[in-house]
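Engineer: Okay, so Swiss-Prot annotates it like this:
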- His83, His182: heme b b562 binding site (BINDING)
- His97, His196: heme b b566 binding site (BINDING)
- His201: ubiquinone binding site (BINDING)
- 33-53: transmembrane segment (TRANSMEM)
- 77-98: transmembrane segment (TRANSMEM)
- 113-133: transmembrane segment (TRANSMEM)
- 178-198: transmembrane segment (TRANSMEM)
- 226-246: transmembrane segment (TRANSMEM)
- 288-308: transmembrane segment (TRANSMEM)
- 320-340: transmembrane segment (TRANSMEM)
- 347-367: transmembrane segment (TRANSMEM)
Amino acid sequence: MKILRKNHPLLKIVNHSFIDLPTPSNISSWWNFGSLLGLCLMIQILTGLFLAMHYTSDTTTAFSSVAHICRDVNYGWLIRYLHANGASMFFICLFIHVGRGIYYGSYVLSETWNIGIILFLTTMATAFVGYVLPWGQMSFWGATVITNLLSAIPYIGNTLVEWIWGGFSVDKATLTRFFAFHFILPFIITALALVHLLFLHETGSNNPSGLNSDSDKIPFHPYYTIKDLLGIFLLLLALMILALFFPDILGDPDNFTPANPLNTPAHIKPEWYFLFAYAILRSIPNKLGGVLALILSILILAAFPLLNTSKQHGLIFRPITQTIYWTFIANLLVLTWIGGQPVEYPFTTIGQIASITYFTIIIILMPVSNTIENNIIKL
């Protein structure tokens, strides 16, 4: 008798991707975050769908519709907080996933890596337009400040900003289109994630040793389905603790005040997961320069495959680059902290030093340490 999962046209695809997929036998828990990102995406789409059933994208009722969801809809408060904190969990998993890719040299799988960068940018865009929807003070002013950055583009900047706003300021048209974008983008992310998986399964997964593992592969199921389940339970536990005990800890108090164009908050800042990029943006006094630095802070990830000169795969046997890598992570945390601080001394100076360090590590220090380690091998 033929096994259905191996012969059915649709099940065959699922089988080759999640059941009989040949997987390196030594991949660690750092490889769990891909599946956790898939889970986060499903949670966000489901909770978002239920929120969209009760939300109204109109400037006069948006804020009160969110209050209505929390007060009057059955378990609306839970759905809303799962969605808001689910975004934070999404980005935590995303940062770890990218960090693991850098540490273990997964960027050599260039198609998978480049699709991943597009996924990262799309997720950031989705989170940004989503943050505008509750129409609180920080939502409104965050939207105004970030969209206004496009005016730095020569010649077409001002026209582009007004085109995105749908008028001469952030208003009803802006909110409506941001809601439309926020609804459609997760489905684009899902499609991109499938392409990401497709490219990954063309080459096979990387592993911690950085060595070829073709001679030592095991089926994905049951070994890694069980391993992923543990990660899933831990993620759900963390999300539930966050949503039930500390639902507003990662939010901004200003967002409990309805949007008011006549009153600017003392410190305008985005959600915590954008603070590192926001700090880089603020560290450059020139508007266009800041915007370029902001874009480059993400796009520089595409330079990793190009700047890699090491004869070894990953950092597991490379102590010099390991030290530089962890300095880079510490520097990212400093940038995140600085992004949430007011624009005054000493924070501006620290931000400028951390921003220079961010780019220096990637463009100069890592390639130099690669060359040093290559020469040490020859000795």
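A Cβ is built for glycine as well, from the same backbone N, Cα and C atoms used for every other residue.
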Engineer: Cα of His182 (heme b b562 binding site) to Cα of His196 (heme b b566 binding site): how many Å, rounded?
Structural biologist: 21
Engineer: Any idea what the Cα distance is from His97 (heme b b566 binding site) over to His201 (ubiquinone binding site), rounded to a whole Å?
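Structural biologist: It is 17 Å, counting Cα to Cα.
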Engineer: Quick one: do the transmembrane segment (77-98) and the transmembrane segment (226-246) reach 3+ CB pairs under 8 Å, ignoring pairs fewer than 6 apart in sequence?
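Structural biologist: Counting Cβ pairs under 8 Å (6 or more apart in sequence), the transmembrane segment (77-98) reaches the transmembrane segment (226-246), since there are 3 or more.
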Engineer: Inside 10 Å of the Cβ of His201 (ubiquinone binding site), count up the other Cβ atoms and send me the figure.
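Structural biologist: There are 14 of them.
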Engineer: At the Cα level, what's the spacing in Å between the residue listed as 'ubiquinone binding site' and His83 (heme b b562 binding site), rounded?
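Structural biologist: Counting only the Cα atoms, the answer is 30 Å.
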Engineer: At a threshold of under 8 Å on Cβ distances, which of 33-53, 178-198, 288-308, 320-340, 347-367 pairs most often with the transmembrane segment (226-246)?
Structural biologist: 33-53
Engineer: If you count Cβ pairs under 8 Å, which stretch among 178-198, 320-340, 347-367 touches the transmembrane segment (288-308) the most?
Structural biologist: 347-367
